[in-house]
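S.K.: Right, I'll just put the structure down here and ask away after.
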Amino acid sequence: MPLAEVGITVLWIFLYGYLIVASIDFGAGFYAYYGKVIGIESVIGPVISRYLSPVWEVTNVFLVFFFVGIVGFFPDTAYYFGTALLIPGSVALILLAVRGSFYAFANYGAKKSNLYLLAYGATGLLIPAALSTVFTISEGGFLSVSANTVTLLMEELFFSAYSWAVVLLAISSVLFISSTFLTYYADHAEDKRALEWLRSFALWGGVPTIISSLFVFIALRNHNLEHFDNMVRLWWMFGLSLVSFAIAIWLIWRRKNYGTAFVMVMLQFAFAFFGYGMSHLPYLLYPHLMLVNSVTNQTMGRALVVAFVAGLLLLIPSLVLLLRLFLFNAKYVKGETS
Amino acid sequence: MNALDWSRGLTEMTLAFHILFATVGVGIPIFISIAEWIGIRKNDPHYSLMARRWTRGFVITVAVGVVTGTCIGLLLSLLWPEFMRFAGNVVSLPLFLETFAFFFEAIFLGIYLYTWNRFSNPYIHWLLTLPIVIGASASALFITMVNAFMNTPQGFTLEEGRLTNLDPIAAMFNPAMPSKVAHVLSSAYLTAAFLLAMIAAFAMLRGRDNEYNKKSIRLNMMTGLILAAATILIGDSSAVFLAEAQPEKLAAAEWHFETSSRAPLIIGGKLNPDTNEVTGAITIPWALSLLATHHPNGTVVGLNEFPKDEWPPLYVHYLFDAMVGIGFYLLAIPILFLFMTLAKRWNAYNRWMLAGIVAGGPFSLFAIELGWFYAEVGRQPWILRGYMRVSDAATTNPHVGITFWLFAALYLLLGIVCLLVLSRLFRNKPAELELEERRVIL
């Protein structure tokens, strides 16, 4: 496999990882706050915070990994996306900063505060919206590129049906992924009451997710026909995604195998996300940036791949340890150990 | 102000804010590890409690460190896109490795925090501190490598405006790397020692005169002594390095214009910007030659050897002086403390000593800021010394001004809330109360 493809595959896998763990985290923050508003905080709160506490920091790293990696493998992206995305990027950063630090303030600080929880819950929906801008502008048509600068056409972005479809999809996916995971987690904790609530969130969350992904298809057809045609060629990926979704919903509906249901949700997003990514190629940024032209120097690319493999050898066992201690440890999940 | 000035301002502000938390994040884990180890080893609940309380405060600062670190990581591309396009080929390996180190630390910090009573063998829980210490120090190592590379770039050749023939390892192990990394690490540990001692000394000044606080001060002053000595020695070797590899930076710090041997060291003073004459300074003959070459007759290159548009701003002189001054203060306090402890005639925990230790906390953080400002402003006008000027690297996006104020508001908010949370965390639950809950008699 040529270096450019190795690079983009590695990065895409990481971005997928971020998509899953961050969705769980963002959605959980939203549900924690929503639970407070409708008065079921004591029911779902403990399950949510027991999951979030040990992993919140890890979630953040996936994102850092991605943006450091993409600049490493494809330095030209720093120029185009970096120049254009100053405002949306900064807004996303500020939201992430508020969210991460207020989580720690609320959980390790001296007292629980509603304000902290609001900051945490609200940002959970705003961040995916801000981050999804990157996908939108990578479709082309939102940048004006001249010899010495790149400008983001804010108005085009704001009045584009495609950009809103992506935002909708981002938010609804966050809520859906998160609720299916928390359903599984509540079942694992044998917390019947939390399970009922989260299960209903999951079932309702599936509807807007599917509708908004249809929107994205239609809007993309109008916005970038070339990409749309590529997607049609990969129709089976999106078909498998839909099948996985159907199995997940069916399992949750029948109240069984919540673990498998969550795996199906992961597959649903894996097929859709990789299908989207593959059909996006050969462009990184349509039509300015091609994958092959923007890849870093060969030596550095190889060094990055070596560093990546070495890093994974270190990280995977540590992550497994983390999961075994907290996610798959029945005693911890049930809240029996301090 | 144009996009360049705003970009510089925003980068300075972000780094200045981040560096406080990053330094604490690098330094504190070592002390948590030491305290927990002594606690288990000597079966002394005071030290065990120290580890717990420090960890609790540490998590709060880590959170702010993580989020501001994420900010600077992405701001690099948002504010300096030309630089990242140009040098991203070379600096991406250490940046990448830094995120690995950070990942490693994050995983084990999560585990450490939630497994206090999980293991029957207490050493297993203590073992978890090691990856945290390693991860924290390794991320400092890698990120400092990037910074050192910007000072003394190597490991590539420049062809038609692009970097080719890369040697990532040579770029990472560039000449500035060893002294920079060593100075960053030792000063971070030193700062942590003084911050922790500051907390205990403050509690004692408020009348909480007990064994817990005394043990904390003793531990931190003893390690502080070694660390202060190490930091000064390493600082000295950095000066020797600068004299050789980046003479304009040292010359700017010392207002040394004419290349000469037996160069004098200038402390304080005032510079006439037109004639470059210095008035009102303390001048120590030969000392600069001694500092820069370890020989009183050594030749020190002066600023006049460089074209004026490659001069760093000359105010860095004051930053340098203040940093060195604080460095010696941080050495004097532990020496004095040790002396008073050994000579039993005096009470080592008298009010003046305690006040001196308390002052050491903010001073050490201040010195970190001064040192970084000196290091960074001292390599102006270059972003990549000898290859790319800062003015050619900044973004062309016209909206940096708005972004600056948004981030200023963010840091103000984070700073205030973090201080509030930290002070409330410890005020509501002083160590005495916690020891009592654990049934330890003071």
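From the backbone N, Cα and C atoms, a Cβ is placed for every residue, glycine too.
Note: TrEMBL annotation is automatic and uncurated.
These came from TrEMBL, pasted as-is:
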TRANSMEM  A:12-34  transmembrane segment
TRANSMEM  A:55-74  transmembrane segment
TRANSMEM  A:80-105  transmembrane segment
TRANSMEM  A:117-137  transmembrane segment
TRANSMEM  A:157-185  transmembrane segment
TRANSMEM  A:197-220  transmembrane segment
TRANSMEM  A:232-253  transmembrane segment
TRANSMEM  A:260-283  transmembrane segment
TRANSMEM  A:303-327  transmembrane segment
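Tell me about the surroundings of these features in the structure.
M.R.: Counting same-chain residues at least six beyond the ends of the transmembrane segment (A:197-220), those with a Cβ under 8 angstroms from any Cβ of the stretch are 31, 35, 40, 43-44, 47, 139, 160-162, 164-166, 168-169, 172-173, 175-176, 179-180, 182-183, 186, 227-228, 231, 242, 245, 248-249, 252-253, 255, 272.
Non-local neighbours of the transmembrane segment (A:260-283) in the same chain are 8, 12, 15-16, 19-20, 138, 140, 173, 176-177, 180-181, 183-184, 213, 227, 230-231, 233-234, 237-238, 240-242, 244-245, 247-249, 251-252, 289-292; each lies 6+ residues outside the stretch with a CB under 8 Å from one of its CB atoms.
Counting residues 6+ beyond its ends, the transmembrane segment (A:303-327) has Cβ neighbours under 8 Å at 3, 6-7, 10, 51, 54-55, 58, 69, 72-73, 185, 296, 333 in the same chain.
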S.K.: The transmembrane segment (A:55-74): which same-chain residues, six or more beyond its ends, come within Cβ distance under 8 Å?
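M.R.: For the transmembrane segment (A:55-74), the sequence-distant neighbours (Cβ-Cβ under 8 Å, at least 6 residues beyond its ends) are 4, 7-8, 10-11, 14-15, 17-18, 21-22, 25, 96, 100, 103-104, 284, 289, 291, 294-296, 300-301, 304, 319, 322, 326.
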S.K.: Among A:12-34, A:80-105, A:117-137, A:157-185, point out the range having the most Cβ pairs under 8 angstroms from the transmembrane segment (A:232-253).
M.R.: A:157-185
S.K.: List, by number or range, the same-chain residues at least 6 past the transmembrane segment (A:157-185) whose CB is under 8 A from its CB atoms?
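M.R.: Answer is 19-20, 22-28, 30-31, 44, 47-48, 51, 124-125, 128-129, 131-133, 135-137, 139, 141-142, 194-195, 198-199, 201-202, 205-206, 208-209, 211-213, 215-216, 218-220, 222-223, 248, 252, 258-259, 261-262, 265, 269, 327, 333.
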S.K.: What else in the chain is close to the transmembrane segment (A:80-105), if you only count residues 6 or more beyond its ends and a Cβ gap under 8 Å?
M.R.: 29, 52, 56-57, 60, 63, 113, 116, 119-120, 123-124, 126-127, 130-131, 133-134, 137, 143, 145, 149-152, 154, 285, 288-289
